[in-house]
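Some features that TrEMBL has for this protein:
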- ASP14, TRP15, GLU17, ASN19, GLU28: Ca(2+) binding site (BINDING)
- HIS71, HIS199, HIS203: Zn(2+) binding site (BINDING)
- 84-101: transmembrane segment (TRANSMEM)
- 113-130: transmembrane segment (TRANSMEM)
- 136-151: transmembrane segment (TRANSMEM)
- 163-181: transmembrane segment (TRANSMEM)
- 201-222: transmembrane segment (TRANSMEM)
Amino acid sequence: TMPSIFSYQSAEVDWCESNFVRSAVIAEYYNTEWCLFRDGPREPPRPCGGVELCPLKLSLLLAGLFSMYFHMTLSYVGQLLDELSILWTLAVAYSFWYPQCYFPKCIKTRKHFFWLTGITTVISTLMSFVKPTLNAYALNCIAFHLLYLTWKELKKCNDKRVHRMAAVMVMWWALAITSWISDRWLCWLWQAINFPYFHSFWHVLIAMSLLYCCPLVIYFDVSYEMPSFKPKLEYWPSDSWPVVVPYVTLEKPHKQC
């Protein structure tokens, strides 16, 4: 009989960390623990209520919870929920924040782009059931499109703070994807030296990359949609600190009499 899709270790993917070493109920202990902190960075609120941040925060929270469930059980359902929650988070981000100047020529309004994103997401969701082992690779490839868009925007921008934040974001992403690939393809090496924890590093490093990515996207979005607010990137607690929390400040336009 086929194993239940909810059963422990029924997933098609198993990461390098040894299973059930530190807990009888948690398959990958360190991967699960780090997922507790993966509910997304805390962004400053957008003006006018920031309606689009609500579904994004919810999808990021679900991504963290589903990833924790997957690494705890290594179940088939957990694997799909983990991967699909990331897909849906990307769909939400694209729907609200994809610059209109990059829309396909056949798309004239944001509403039409919502429909295009929704249909693409439904098709991608259905396709994810065909070969689940390829889902993670496909999701990681989307990062190259995001990096391309960042490069396009940086060509238009002379603000050194923006370029600095983009460089730091790419640095964290490069470290994250290196950890992910290392865990996937060099597992034999890490197990030989008894250090199979690079996938847990991936969770931390990709969260750091998002910490810089989200304010950067908000900055570009405000520059396009509300340029009179004059967005500016800031760092807390200070620019001189080696580790900082970036955020966006807005200069409200003066009222015209």
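Cβ from N, Cα, C; glycine included.
The stretch with the most CB contacts under 8 Å to the transmembrane segment (113-130), chosen from 84-101, 136-151, 163-181, 201-222, is 84-101. By the criterion of other Cβ atoms within 10 Å of the residue's own Cβ, the least surrounded of the binding-site residues ASP14, GLU17 is ASP14.
Annotation: HIS71 are the binding-site residues among HIS71, HIS199, HIS203 whose CA atoms are within 10 angstroms of the CA of ASP14 (Ca(2+) binding site). The sparsest Cβ neighbourhood within 10 Å, among the listed binding-site residues (HIS71, HIS199, HIS203), is found at HIS199. Just so you know, the Cβ of ASN19 (Ca(2+) binding site) picks up 15 other Cβ atoms within 10 Å once every protein chain is counted. Tertiary proximity for the transmembrane segment (201-222) is limited to same-chain residues at least six positions away from its ends with a CB under 8 Å from its CB atoms, namely 31, 34-35, 37-38, 40-41, 43-44, 46-47, 67, 93, 96-97, 99, 146, 150, 153, 162, 165-166, 168-170, 172-173, 175-177, 179-180, 183, 229, 231, 233, 245-248, 250. With a cut-off of 8 Å between Cβ atoms, the residues of this chain six or more beyond the transmembrane segment (136-151) that come close are 13, 83, 86-87, 90, 99, 102, 166, 169-170, 173, 177, 180, 213, 216.
Same-chain neighbours of the Zn(2+) site beyond HIS71, HIS199, HIS203, judged by a C-beta within 8 angstroms of the site's C-beta center, are, in sequence order, TRP15, GLU17, GLU28, TYR30, ASN31, THR32, TRP34, CYS35, SER67, SER200, TRP202.
In this view, TRP15 (Ca(2+) binding site) is surrounded by 24 other Cβ atoms within 10 Å of its Cβ, with every protein chain counted. If you take the C-beta of GLU28 (Ca(2+) binding site) and look for same-chain residues 6 or more apart in sequence within under 8 angstroms, you find TRP15, GLU17, ASN19, HIS71, MET72, LEU74, HIS199. A Cβ within 8 Å of the Cβ centre of ASP14, TRP15, GLU17, ASN19, GLU28, the residues given for Ca(2+), is found for these other residues of the same chain: CYS16, SER18, ALA27, ASN31, HIS71, LEU74, PRO196, HIS199.
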